[in-house]
Amino acid sequence: MTKFVFVTGGVVSSLGKGIASASLAAILESRGLKVTLIKLDPYLNVDPGTMSPFQHGEVFVTDDGAETDLDLGHYERFIETRMRKANNFTTGQIYKSVLEKERRGDYLGKTVQVIPHVTNEIQEFIKRGAGYETADAVDVAIVEVGGTVGDIESLPFLEAVRQMSLRMGPNNTAFVHLSYVPWIAAAGELKTKPTQHTAKQLREIGIQADVLLCRADRRIPAEEREKISLFSNVPEWGVISMWDVDTIYKVPRMLHEQGLDGLICDKLRLNTPPANLKRWDDLVYETEHPKTEVNIAMVGKYVDLSDSYKSLNEALRHAGMKNHAKVVIEYFDSETITPDNVSRLARFDGILVPGGFGVRGVEGKICAARFARENKIPYLGICLGMQVATIEFARHVAGLKDANSTEFDPATPNPVIALITEWKDADGTIKTRDAKSDLGGTMRLGAQSSDVAKGSLAHKIYGDVVTERHRHRYEANVNYLDALRKSGLVISALTQREHLTEIVELPQDVHPWFVGVQFHPEFKSTPWAGHPLFNAYIAAVLEHRVKAGQDGKATAKALKAVA
């Protein structure tokens, strides 16, 4: 029978519930348990797909095409279980499902209310995510409840998990509550009052925490832990300190050494072998003992919030570990990059242009791609980063001076990038759209496969077939591929059915490492193996760094104005 651990948060948001949940899952997995994680988001959006990265951060995409919370990226990087659509749901999805049932007459004329109809639906969604009472059932499902205790939006979720705990019994559920213990510099002490109050709020809802994870910028002394225990009704051994660390990969060991996994296993009556965290210790050692350092310039549209590129940042660091190098990322707002100042990128060992939507800042990205191409700096373009590299090549090499994307200029005479109107989805169904289609849920999403051209750089990295996750509406225009090929661009991966361009590159006798991919490889990177594309990119960056050092960092070419 599946056991459930519910993780809630209090006082303030962004305490690290996702990292705490993923860390607990990793420890339990190391004990031999089959574990999954489920994220409940209390906003009314159906999914985060149409939300601004500045508001929500990264949208993480699963193999089955779900646009989900960035915490699912942490989950996949910490445990072996892959996330699915069922592992993340929102208030919007719950109400949509309830209202559809009401319209069908499933409630047999009853008045539809938050209790029991909405709360029952939440419980059904949780069980579905855990594969409850199916062949796919897990041993433990860790359920992260988004938001903060006391928020109106979270109340139906908290009531639902309270009911679920009551129905399933005390040995089948456990509650872990994160709270904030601030350090008041003027007083020179940690203050426990906010944690006392949030534990009280939780009890008023009907939930008694089994474990309190106390977030602070330092370890919490025994005296404060004893006080928190007394006023929160949690035994002192259940009051666990979570302090700031320089890498999130230290958190599993931190929680294990304070007995969190033992407490949960005792509460849930789980008889398991001891935890084995050697792989985590090895990982931390690798992060703390790099042999060299590389500097990457990331030219993006959402750089004011680094969470917009969370998986990408982690993928670069994973590749750094595989190459025994510390990766230092410097962010550049693409709106600030112009032909006059792009030469400031010359001091970097590699240039990366990530994905994005809309015309803002696109010309700066095109400048960055051109600068990398002309100065033979290793370049990796992801999604929009591939598209701007294609536009740049079309303008300055293929002679299509007005080349553009119809996303940025619908009337462009040379639409080398255009809207995809038909494609096969991750589940095999044929999807269509046009310029008037809704924004939400109408992109090419999820895992897609394509053939890789033999003899290409991509083939050295991926082999014969590449399968990666996608999230885009626009694609290289098939009508321009021959012209681009004749000018020297290598189209190294195409989908079999639609002939959509998946990877472009420059021949290695022209540029040592210049690759653009339409997909998002960062979503499949793990700290254990990295990702083959990022591993190859950082290896090329290291090689460029060595060569540039030997050549004395030759002066970069300035960009010439193009009429």
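Residue numbers in this text run from 1 along the chain shown.
Keep in mind that glycine also has a Cβ here, set from the backbone N, Cα and C atoms.
Since we're looking at a predicted model, the values are computed, not measured.
Look at Swiss-Prot and you will find 1-270 tagged as region 'Amidoligase domain', backed by sequence analysis.
Using a 10 Å radius centred on the Cβ of T195 (CTP binding site) and all shown protein chains, the other Cβ atoms total 30. Positions annotated as CTP binding site by Swiss-Prot, on the basis of sequence analysis: S13, D151, I152, E153, K191, T192, K193, P194, T195, Q196, K227.
DSSP assigns Q196 (UTP binding site) to a helix in the three-state reduction. Sequence annotations record features per position, and here Swiss-Prot assigns UTP binding site to S13, K191, T192, K193, P194, T195, Q196, K227.
Residues or ranges marked as ATP binding site in Swiss-Prot: S14, L15, G16, K17, G18, I19, D71. DSSP gives K17 (ATP binding site) a helix state. Counting every protein chain shown, the number of other Cβ atoms lying within 10 Å of the Cβ of K17 (ATP binding site) is 24.
The C-beta environment of E144 (Mg(2+) binding site), restricted to residues of the same chain at least 6 apart in sequence and closer than 8 Å, consists of V7, K17, G18, S21, L37, I38, K39, L40, D71. What Swiss-Prot lists as Mg(2+) binding site is D71, E144, and the listing cites sequence analysis.
If you look up Swiss-Prot, you'll see 295-547 marked as domain 'Glutamine amidotransferase type-1'.
Secondary structure at G356 (L-glutamine binding site), taken from DSSP and collapsed to helix, strand or coil, is coil. What Swiss-Prot records for G356, L384, G385, M386, Q387, E407, R473 is L-glutamine binding site.
The active site, nucleophile annotation in Swiss-Prot covers C383. Cβ contacts within 10 Å of C383 (active site, nucleophile), excluding its own Cβ and spanning all protein chains shown: 22.
Taken from Swiss-Prot, the feature active site applies to H520 (among others), supported by sequence analysis. Annotation for H520 (active site): spatial neighbours V61, S311, G355, I382, C383, E468, R469, H470, R471, criterion Cβ-Cβ under 8 Å with sequence separation of six or more.
What Swiss-Prot records for E522 (among others) is active site, and it gives sequence analysis as the kind of evidence. DSSP assigns E522 (active site) to a helical segment in the three-state reduction. For E522 (active site), the same-chain residues that are 6 or more apart in sequence and have a Cβ closer than 8 Å to its Cβ are S311, L312, E314, A315, I382, H531, F534.
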Tell me, roughly as an integer, the mean pLDDT over the domain 'Glutamine amidotransferase type-1' (295-547).
92
Please name which of the binding-site residues listed here, L15, K191, T195, is nearest in space to G356 (L-glutamine binding site), Cα against Cα.
L15
Sorted by sequence, non-G356, L384, G385, M386, Q387, E407, R473 residues with Cβ within 8 Å of centre, L-glutamine:
G355, F357, C383, V388, S405, I417, H472, Y474
Any idea which of the binding-site residues G16, P194, G356 has the thinnest Cβ neighbourhood at 10 Å?
P194
Please report the DSSP secondary structure of R473 (L-glutamine binding site), reduced to three states.
coil
Once the DSSP letters are reduced so that anything not helix or strand counts as coil, what is K227 (CTP binding site)?
helix
Pick out which of the binding-site residues K191, K193, K227, R473 has the most other Cβ atoms within 10 Å of its own Cβ.
K227
Could you give the Cα-Cα distance between K193 (CTP binding site) and L15 (ATP binding site), in whole Å?
17
